[in-house]
Amino acid sequence: GETCSALLLFISIMTMFMSGVVAIFEYDLKKIIALSTLSQLGMMMFSISLGLYELAFFHLLTHALFKALLFLCAGILIHGAGNTQDIRSFGGLSLNFPLVTVCMNLANLSLCGVPFLAGFYSKDLIVELACQYSWGIFVLLMMFICLSLTVLYSVRLTYLSFVGPYGGGTSISVCESDYSLVGPVVILSFTSLVSGPILSWLNFPAPVLIFLPVFLKWGALFFVGVSLLVMLSLQGLTYSYKWGAVSKFSGLMWFLPWLTGQGFSMKTLKNA
């Protein structure tokens, strides 16, 4: 049992780290959100490896709500921006899609674990209870780094899509007048706001007691805040500074697609 937990802990942390790093260098809107899902699944497995099964389920529920909202908003943006998924052709979309911008930013903030949104209740609890375990400084540091990576790719996505300079793609705001598109988004936004406390009341019959030193208690929020500032200051360098080999390596998803299926399918398709 102990060995299995340690192995699951290692795999889950590496999954969170890999998906976070790859998402920072990715330009496909749907891929960024999918990698973010992978990172949160790593978070759930991390929780399970520590024996916090109820917390993993709680995070699964809150994450389902704000991630569904993120995907719906992404769908509206893709539909409205001329069926392009490349966030480099977005930029300044907050003018054309004010409602979707608000809802998507709400989902992104919830994903980052900003206080009193749905993601905060589950994520912060996992982080704080993990800080009580004696796995060592490496595990804690990696966990906080993975938290920071979530904030980094979320801020980058928001900046390039809504705030940054116009990328040259087509953009129409007809989508926001279609209630069948916008209706579910507004409903899910409401759940992203209130589902955290409601689900925590339903899931946990007794309050969770947490005993931590002050610097660890504020650790998660400190990392979120610092990452936010770092990414905002880096946005000016997005196009001028080339990452070279790192960017290429991450853009190819650490060669994992090739290792898992692409290499085999290329050989078999050539023979077909």
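Any Cβ shown, glycine's included, is placed from N, Cα and C.
Noted in TrEMBL for the protein shown:
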- 4-144: domain 'NADH:quinone oxidoreductase/Mrp antiporter transmembrane' (DOMAIN)
- 6-25: transmembrane segment (TRANSMEM)
- 32-50: transmembrane segment (TRANSMEM)
- 56-78: transmembrane segment (TRANSMEM)
- 99-121: transmembrane segment (TRANSMEM)
- 133-155: transmembrane segment (TRANSMEM)
- 153-270: domain 'NADH dehydrogenase subunit 5 C-terminal' (DOMAIN)
- 181-202: transmembrane segment (TRANSMEM)
- 208-232: transmembrane segment (TRANSMEM)
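Listed by sequence, the residues of this chain that lie at least six past the ends of the transmembrane segment (208-232) yet keep a Cβ under 8 A from its Cβ atoms are 112-115, 123-125, 127-129, 131-132, 144, 147-149, 151-152, 155-156, 159.
When DSSP labels each residue, the domain 'NADH:quinone oxidoreductase/Mrp antiporter transmembrane' (4-144) comes out as 111 helix, 2 strand, 28 coil, counted as helix, strand and coil in that order. Within its own chain, the transmembrane segment (6-25) is flanked in space by residues 31-32, 35-36, 38-39, 41-43, 45-46, 48-50, 135, 139, 142-143, 145-146, 149-150, 152-153, 156, 243, 246-247, 250-251, 253-254, 256, which lie at least six positions past its ends and keep a Cβ under 8 Å from the stretch. Residues 36, 40, 58, 62-63, 65-67, 69-70, 73-74, 76-77, 93, 127, 147, 150-151, 154, 157-158, 161-162, 175-176, 182, 185-186, 188-189, 191-197, 199-200, 220-221, 224, 228 of the same chain lie 6+ residues outside the transmembrane segment (99-121) yet bring a C-beta within less than 8 angstroms of a C-beta in it.
Here the transmembrane segment (56-78) does not touch the transmembrane segment (133-155). Their Cβ atoms form fewer than 3 pairs under 8 Å, with each pair 6 or more residues apart. Within its own chain, the transmembrane segment (32-50) is flanked in space by residues 5-6, 8-9, 11-16, 19-20, 22-23, 26, 56, 59-60, 63, 67, 70-71, 74, 87, 111, 123, 126, 129-130, 133, 135, 143, 146, 149-150, 153-154, 157, which lie at least six positions past its ends and keep a Cβ under 8 Å from the stretch.
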